[in-house]
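Annotation comment: Swiss-Prot describes 11-52 as repeat 'WD 1'. Annotated repeat 'WD 2' per Swiss-Prot: 55-93, in sequence order. Taken from Swiss-Prot, the feature repeat 'WD 3' applies to 132-176. Swiss-Prot lists 313-352 with the feature repeat 'WD 4'. Among the features that Swiss-Prot reports, repeat 'WD 5' is placed at 362-399. What Swiss-Prot records for 441-476 is repeat 'WD 6'.
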Amino acid sequence: MKPIELCTLRGHLNDITCTEPYYIGGKVSLVSADSNGWIIWWDINTRRPNCVWKGHDSNIVTLRQICNGLLLTHSKDSDIKIWDVENFKSGSREMPAEKYNNVQYFSIDRDGEEDNNVSKNELLEAFPLPENVVIPVNALNYCNVDYSNHHLITPATTDSNNFDLYSIFKPSHQTDESLEAKLNLKRVAANIDPWKLYKKTITQLNKEQGVEFEIGNENDILKRDKFGIMMKVLFVRDDLFYIGYESGHLIGYHIDFSGAINNENEGAKSDSVKPDKNVSGLAGLFGNKTKSFDKTIINKDPHIKMIYMNDSCSPYPIISLVYDNKENKIICGSAGKQLTFHKIPEEFSQFNDISDCKRYNLRHSGIQSVSINNSLLVVGFWDGLIKGYDLDLNELFKYCKRLPRIDVLESNSGQQQPREKQNSIKLCTVKLVIPNETDVVKSNDYKSLIKHKRDITTTNLLISSYYDGTITIFKV
């Protein structure tokens, strides 16, 4: 099996940092972001943008479709933004131009001068912005953020080793409200220290077993400062998330929201609201009236407990996490050569400190990105190499995007002929894309049949992005 290259998308002038398949009404498209804050929403079939805008002034670290057409971005400019992309009808379809590339639109110039003789108003006129809301966040490291069911996990405001949990939306039946009016930012858990949580968990387990021993900082066996900074965070479900750390530890956390709920009434109310997955845009996120029990929420943080720990990747930092929903496992990649598989516990009443797990030596270091579907596992490495495996980890293919270059002559004598050398391009992400459902062709005219035949989104696709600003799409 070898992937078939279908096309290459070119438009970014900077290193691509994130890509995200974007689903609307059962149709798949692609969103990409780069190191200068530019965002492009691509039509995969036409190979052209649906919309282009400058979303941030710095490197975009997280790009995530959270639900119903809303797009979340997180950047090193200390902002998280949520964009209503689907309902944006007046966006630019022009590629970013060099004169606009480095304009700092969202920051205030200290000297009051405009960058590259281009005004911010000119940039906004050329590339209008979708409706959006802004959430300030810690940008001291390169850890991503993740979202599930109105809740957001981010590195803590004051310490990148710790994390915060936010509630960012309050359900409302007023669908005509703006996105900004619906934002209800609330930090429900602040500066959660994993090391203190670990000490508390182990101490409690020791007491239950009759062992009088408490972990102290002076006996810390870790080579780094405790677990180090957060590297990757991943929600598995609404009340369960995993964080990969600089030390190589993978830790699972369970959120118990029941402690923050009190006074449940048996009478159902018809004016309560929950997201409707069948309705797109803001109306789907906030506009579905359903019956539910009236609950009074008291001002109490949810209970977060540590339920899993594994150090199989230590001492290498964890740089990639993905969830395999078919096997209910977390797949973890690090700066080393080993890919590890972690079974998610079936119940969370007991802490699982597991020293062993399934691991595979891929014989190549720097596991930058991992993606999986029902039959294929794809791993991308720092240096641009992509490997494909079946679910039993038998290697199926290798691919490396090469950039031809001419070797430098050793002398000016003219005796040595220049030789062409192959130089690999640094990889950013690999993504396996769930194909569209094949539509029945309602018309038998030639144009409709050709359009249906050329629709590549009905097949299994592999999308790889690179630091030269290109995106390559394969059929797998």
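Just so you know, glycine gets a Cβ as well, placed from its N, Cα and C.
Stretch with the most C-beta contacts under 8 angstroms to the repeat 'WD 3' (132-176), considering only 11-52, 55-93, 313-352, 362-399: 55-93.
For the repeat 'WD 5' (362-399), the model's average pLDDT works out to 95. Below 8 angstroms of C-beta separation, residues 17-24, 31-39, 41, 48-49, 104-107, 126-139, 142-147, 152, 154, 168, 179, 183, 275-277, 279-282, 284-285 of the same chain, each at least six residues beyond the ends of the repeat 'WD 2' (55-93), sit close to that stretch. The repeat 'WD 3' (132-176): residue composition by secondary structure is 0 helix, 20 strand, 25 coil, according to DSSP. Residues in the repeat 'WD 2' (55-93) partition by DSSP class (helix H, G, I; strand E, B; coil) as 0 helix, 21 strand, 18 coil.
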